[in-house]
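What follows is a set of notes on a single structure, which appears directly below.
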Amino acid sequence: MASISSHGFRHLSTTRCSFQFHFHKLRTSTSLAASPSFTISHDDSERAEQHEPPSSNGFSKQSQPYFPKRGQTLELVCESLAFKGKGLCKVADTGFVVMCDRVLPGERFVGRVTRRKGNYAEATKLETLSPHWDLVDAPCEYASYCGGCKTQNLSYEAQVRSKEQQVHELLTHVGKFSMKEFESHSVLKAIVPCEIQFHYRNKMEFSFGSKRWLPKDVFIEKQEGDEINALGLHAPGFFDKVLNIDKCLLQSGPANQVLASIQECWRDPLLGLSPYDVHSHKGFLKHLMLRTGRDVKTGLPELMVNFVTSSYKPELLTPLVEKISDIPEVVSVVNNINSSVGNTSVGEVEHVLYGKSTITENLRGLTFQISANSFFQTNTCQAEVLYRLIEECAGLKGDGSEIVLDLFCGTGTIGLTLAKRAKHVYGYEVVAQAIKDACLNAKLNSICNATFVQGDLNKIDESFGNNFPKPDIIISDPNRPGMHMKLIKFLLKIKAPRIVYVSCNPATCARDLDYLCHGVEEKGIKGYYTLKSVQPVDMFPHTPHIECVCLLELTPGSQMGS
């Protein structure tokens with residue numbers, strides 16, 4: 001037990017060894033709603049925590065029940081990082097789990113319980129008593145506040161170690177894959193780290209706001225008359241307050257130069273620019289989006305600047321456009337108009353204010369055009385690694401004889417990289433603009449053996465599959481909620497020899513792998529696949545996000561199954 005001084009709080013114990021989490025068997029309806037205690041649903045807010053204490057009633061059999069009350073103050077020790085980067089603590093002698101944001105393994109701190117959610121509680125950190133293990137100095141001045149880089153003060157080696165452990169625990173307890181299976185077949189591979197830990201993002205979105213958020217220690221020193229408008233990132237937990245940011249270490253150097261130039265002048269009263277207020281719905285400037293690509297001929301960076309405004313008044317933006325267009329890397333300045341009261345960055349109309357309407361990027365030997373609202377992998381360098389792994393898992397013969405079905409294809413990046421070795425690629429995606437971009441990218445790269453279709457994969461019926469040949473390889477790259485049960489049933493019905501599942505959410509990934517391999521007994525659904533490998537990839541250092549590339553092969557004899 002860790003030595004903790006007495007402050008009159010409830011104490012927690014910790015060891016540095018791996019903490020074995022326990023899970024409910026995640027069950028599903030056709031909407032993939034899970035059990036009421038710990039859910040993996042289509043709502044991101046309901047998928048944050050998957051970890052449970054050692055028994056269903058919240059405490060061990062050897063001890064008396066202990067349920068912390070809302071508002072109760074506890075002295076806690078973080079044991080490990082759980083899904084989405086929250087710190088996991090366990091009440092001594094009871095096994096009751098307390099989750100807390102912005103704490104790291106080994107950190108001893110004072111926390112206040114904010115709510116109980118069935119078999120665990122959530123807490124807010126009030127004060128750090130002793131630092132966490134693997135402590136490093138965070139180079140970013142905003143790291144403690146903005147919420148974007150929760151683990152920047154944790155050594156990178158510890159970050160990837162924690163992410164790999166999370167994948168292991170989720171596959172074991174949600175996916176129900178045995179330790180013996182992991183060891184005998186070497187299913188879980190060592191995580192692939194990211195060689196570039198800073199300046200790796202090719203896209204950043206900043207918000208203009210009329211309410212500048214300040215940390216408490218800074219707020220105390222704030223003087224009357226200080227600037228209240230802000231351009232930066234939303235403060236954690238606030239949709240209407242913005243932390244002013246002058247420089248972000250995740251984006252490129254030229255992007256930071258543009259950000260600094262705009263910060264220098266946008267508040268000048270003579271320009272007549274006002275930030276949009278989400279309460280009064282008044283104001284002009286909503287968002288600043290910066291995208292970095294590469295010139296296909298020179299390989300040099302090129303930058304797109306996207307001003308999202310509430311109306312079309314180009315004369316107001318002219319001084320800003322003239323200022324940033326002097327930066328050599330800026331080749332495109334566009335203005336998206338979002339006149340709705342919502343504060344999204346996607347506009348109803350787009351106008352080009354300077355240069356061209358798109359930028360370009362190279363990936364796996366192909367050229368992609370990127371517009372202001374196109375989806376493209378945010379970390380280009382690590383996307384090269386990710387797509388190489390997908391190609392290896394797909395295992396195409398290269399003789400042009402195989403059919404590839406690309407589900408959730410987005411702008412076609414994965415399918416197009418496989419097309420050169422396939423007979424034909426069929427891609428499906430719900431977003432209309434993404435399908436247009438996919439067709440454009442196919443034409444740009446002279447790829448004629450790819451067909452992209454708009455359609456909602458959550459709403460497929462019995463006729464799905466009639467418009468393409470039986471696939472030899474299926475690529476499935478769903479968003480965070482994972483795959484709908486309708487789609488899982490289709491995959492088990494069509495029985496393609498190989499499925500490559502690409503996941504940005506290891507919790508829903510583990511659930512879907514369980515269904516494909518083990519079936520859903522209460523629904524009479526049999527699983528027909530064997531999990532051959534799971535390769536975690538760190539796409540976003542200093543954040544809790546984890547990508548996984550999973551290979552499933554049809555179990556021998558399954559073709560004869562019903």
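Cβ atoms here come from the backbone N, Cα and C positions, even for glycine.
Fair warning: this is a prediction, and the values are worked out from it, not measured in the lab.
Copied from TrEMBL, the annotated features are:
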type	residues	note
ACT_SITE	Cys504	active site, nucleophile
BINDING	Gln377, Phe408, Glu429, Asp477	S-adenosyl-L-methionine binding site
COMPBIAS	41-52	compositional bias 'Basic and acidic residues'
COMPBIAS	53-64	compositional bias 'Polar residues'
DOMAIN	67-127	domain 'TRAM'
REGION	37-64	region 'Disordered'
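Within 8 Å of the Cβ centroid of the S-adenosyl-L-methionine site, not counting the listed residues Gln377, Phe408, Glu429, Asp477, the chain contributes Phe375, Asp406, Cys409, Gly410, Thr411, Thr413, Ile414, Pro478, Asn479, Val502.
Computed over the domain 'TRAM' (67-127), the whole-number mean pLDDT of the model equals 86.
Taking the Cα atom of each, Asp477 (S-adenosyl-L-methionine binding site) and the residue listed as 'active site, nucleophile' are about 8 angstrom apart. Each of the binding-site residues Glu429, Asp477 was scored by how many other Cβ atoms lie within 10 Å of its Cβ, and the smallest score goes to Asp477. Separation of the C-alpha atoms of Glu429 (S-adenosyl-L-methionine binding site) and the residue listed as 'active site, nucleophile': 17 Å, rounded to the nearest whole number. Less than 8 angstroms from the CB of Gln377 (S-adenosyl-L-methionine binding site) sit Leu363, Ala383, Leu386, Thr413, Met539, each of them six or more residues away in the same chain.
Counting every protein chain shown, 20 other Cβ atoms lie within 10 Å of the Cβ of Phe408 (S-adenosyl-L-methionine binding site).
In this entry, S-adenosyl-L-methionine is bound by Gln377, Phe408, Glu429, Asp477, whose most widely separated C-alpha atoms sit 16 angstrom apart. For the pair formed by the residue listed as 'active site, nucleophile' and Phe408 (S-adenosyl-L-methionine binding site), distance between Cα atoms is given as 12 Å, rounded to the nearest Å.
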